[in-house]
Amino acid sequence: MRTHNLGFPRIGAGRELKKAVEGYWKGRVSRHALEGEAARLRACHWAMQRDAGIDVVPVGDFALYDHMLDLTLMLGAIPPRFSPSGAAASPAGTGQDIDLMFRMARGEAGLSPVAPLEMTKWFDTNYHYLVPELDADTAFAPDASPLVAQLREAQDAGFTPKAVLPGPLTWLWLARSVDGSDRFALLPALCDAYATLLRELTSACPPACPRGYSSGGLMVQLDEPVLALDLPQTVRDLFPAVYTRLRAAVPDATLMVASYFAPCADNLPVALNLPVDVLHLDLVRGRDDLDAALQVLGAGEGTPGLALSLGVVDGRNVWCADIDAAVNLVRRAADSLGEDRVWVAPSCSLLHCPVDLGSERELDPEVARWLAFARQKCAEVRLVAEVVRGVYGPSTAASLEANREVRRQRAVSPRIHDPAVASRLAAVTSDMEHRTSPYAERIVAQRAALHLPTLPTTTIGSFPQTPDIRAARRALRDGSLTQDAYEAAMRDALAMMVREQEALGLDVLVHGEPERNDMVEYFGGLLQGFCITSDGWVQSYGTRCVKPPLLYGDVSRPEPMTVAWSAYARSLTARPMKAMLTGPVTIACWSFVRDDISRETVLRQLALALRDEVADLESAGLAVVQVDEPALREGLPLRRAAQEAYLDAAVRAFRLATSGVADATQLHTHMCYCDFHDIIDRIAGMDADVISLEASRSRMELLDVFATHGYPNEVGPGVYDIHSPRVPSVDEMEALLLRAAAVLPVDRLWVNPDCGLKTREWPETRAALANMVEAARRVRARLDA
């Protein structure tokens, strides 16, 4: 029995990677220094895993921006616009072209601007990947040299590595056809490209993982989380031929297919018969897969000698594992198959967890005992394996007993349960989940109150967090700035943001959120039942890192959280001022949520706390209140069987939070990049007066679903991408607005950026918003002509 890990956080315990990459972008860090810091982090992370008890460490999970983008580059699937010549670029033989990589990720400004690749959520997580673009003429130019170099780094340093790549069917499933062609028509060529990559890996790296199954060569982990989806039979049927082709290309390699995030369920028979050596199953989110797999393999069916990797430590949450429960699962497999056919692992890549609990110095000691970050999860994997083996010393016995005691203490802690919250939940009635009047009546009252033009302009909420704002926040934390002085600095920043918006000519203003470090962490610091880490960072996309709060107990609102800031902003302008809150679903999705009660109960607790805040904002004179739910779609379970219950709980929680206001108060919500086709009826059921959406990278394609389904309320499709520093032209945004106006009634359209502007700089923000306002003016004039 061996231990391994599917992936490790790449950002560094102190966000060293973020700082190095952003320094490179700004010209303060050389390429040599950037590559040196990346190599140092890789070595540090491999050592952390090995020292915690991981036998085989992942290589290829590290990326300067995104692992899907790295694979796209290794495949040579470069869209023509990223090549100076206009022809498809090929990095073959040159190693990783990091400037090309960053251009694909961020786009390029200048005289010949280039739009970046589209970005969207990685399955149901808060990680974002860059979507490969394909067309009928896409040709592959495979080059594994970047990954070969990393494997050699690991081997030279004495680690036992396994190469990690997204699998071919997952990569193709997640790609986007830009010309309407069938992307699966490229599968034969893609298989050839993968075969070339695998041959390059195995020929360049000596055997590193002998283990007596069917081969003893380099171990390669091919991630196929699409096996956790409700796949069409046509796609499911592709797996055997694809993996037969890959096995033939590298007969001596140790191939592992890894599925995670949900049960394999009806895809399990296909997975168990693939010509590979190891199959990884997520037993945290798909526990029933183990019984089904053991039944098949125990009957002598499936791939002969197939080993199972059992993901028994939760790779997506931070609570200590139930070691006894994990041991029972692994022991059942070992008893059925033999220990030599069982691997122990986290459920998925630890990319979604903070790096090291040891970095926390100020965390509440009681809550800290309940936690395990990535480094500690590797130790939990080792502990499970040692207990199952049954031969261990006093240290392992002590660790096992400590785990049991922590779980006992957490279950009875008075920090967890608040009787007042339970009583209030019990008093909720169904009428609290519905607005007083239907939208058709509300919009009349709102238009009379707000006096807005056709195509009103606004922003999503946040404005650039300048060095002065960040410095003030740091000074408050370290005690060198008093609370009064900090609040004065934030009021000054807020007033400046209001003046900027008035000068730009925006119709509905926001206060800009200078006081907020993060849209979820901020509220986690003010709600009872949460605690905040100092270094619990996880990667959201590229260099964007977030610090999810820890939701450990019953949730309530001790006092108003945002009212003073929004009310002050309202006092500075005669224009409508929009208040911003983060919705219950997003707070839950972007926090590390307790695992001892149902998610529905957590959502309703959050909704009641936010309901109080919405009511106080309305009482303070805020006529527009936005409750953001960018995570609603990403939280959707991957399997259809679980989706209805989730959506019902999510929509009811949103309505519970927002339905206590008068007809004239306009409720907005905001959502990020996602596929709305399968949930559009539920989005309509949220009954927000206005929904703003990320739409620019998809060229307004997502509006088609709103038109097809007759979405009844108002929509603000984003007209420019805030994830790139590029400033789009007036013509570009005008074209997008005209496209939107051709799909939806113009009297129900708003004009806004894709998302908040927190991560941008002021010069590009001013320029882009000025162009946006001018684009709206032009379209109004054209429509009035």
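From the backbone N, Cα and C atoms, a Cβ is placed for every residue, glycine too.
Among the candidates D340, D356, D628, the residue that Swiss-Prot names alongside I460, G461, S462, E513 for the L-methionine site is D628. Annotated 5-methyltetrahydropteroyltri-L-glutamate-binding residues in Swiss-Prot are R15, E16, L17, K18, K121, R544, C545, E634, and among W171, W173, W590 the one listed with them is W590.
Swiss-Prot lists H670, C672, C755 as Zn(2+)-binding residues, and of the candidates E694, E732, E734, E774 the one it assigns to that same site is E694. Of all the binding-site residues given, namely L17, E634, H670, those whose Cα is no farther than the 10 Å limit from the Cα of D628 (L-methionine binding site) are H670.
Cβ packing within 10 Å was compared across the recorded positions R15, H670, H723, and the lowest neighbour count falls to R15. Nearest to C672 (Zn(2+) binding site) in space, judged by Cα atoms and limited to the recorded positions L17, K121, S462, E513, H723, is K121. Under 8 Å, Cβ to Cβ, and six or more positions away along its own chain, C755 (Zn(2+) binding site) finds I460, P630, H670, C672, E694, G718, I722, H723. With every protein chain in view, the residue among the binding-site residues L17, C545 whose Cβ has the most Cβ partners within 10 Å turns out to be L17. Packing around E634 (5-methyltetrahydropteroyltri-L-glutamate binding site) is summarised by its Cβ count: 23 other Cβ atoms lie within 10 angstroms of its Cβ, all protein chains included. A C-beta separation below 8 Å, combined with a sequence spacing of at least six in one chain, links G461 (L-methionine binding site) to V510, G512, E513, M519, K578, M580, Q626, D628, H670, G756. Taking the binding-site residues I460, C672 in turn, the residue surrounded by the fewest other Cβ atoms inside 10 Å of its Cβ turns out to be C672.
The Cβ of S462 (L-methionine binding site) has V510, G512, E513, R516, M519, M580, G756, L757, K758 as same-chain neighbours under 8 Å, each 6 or more residues away in sequence.
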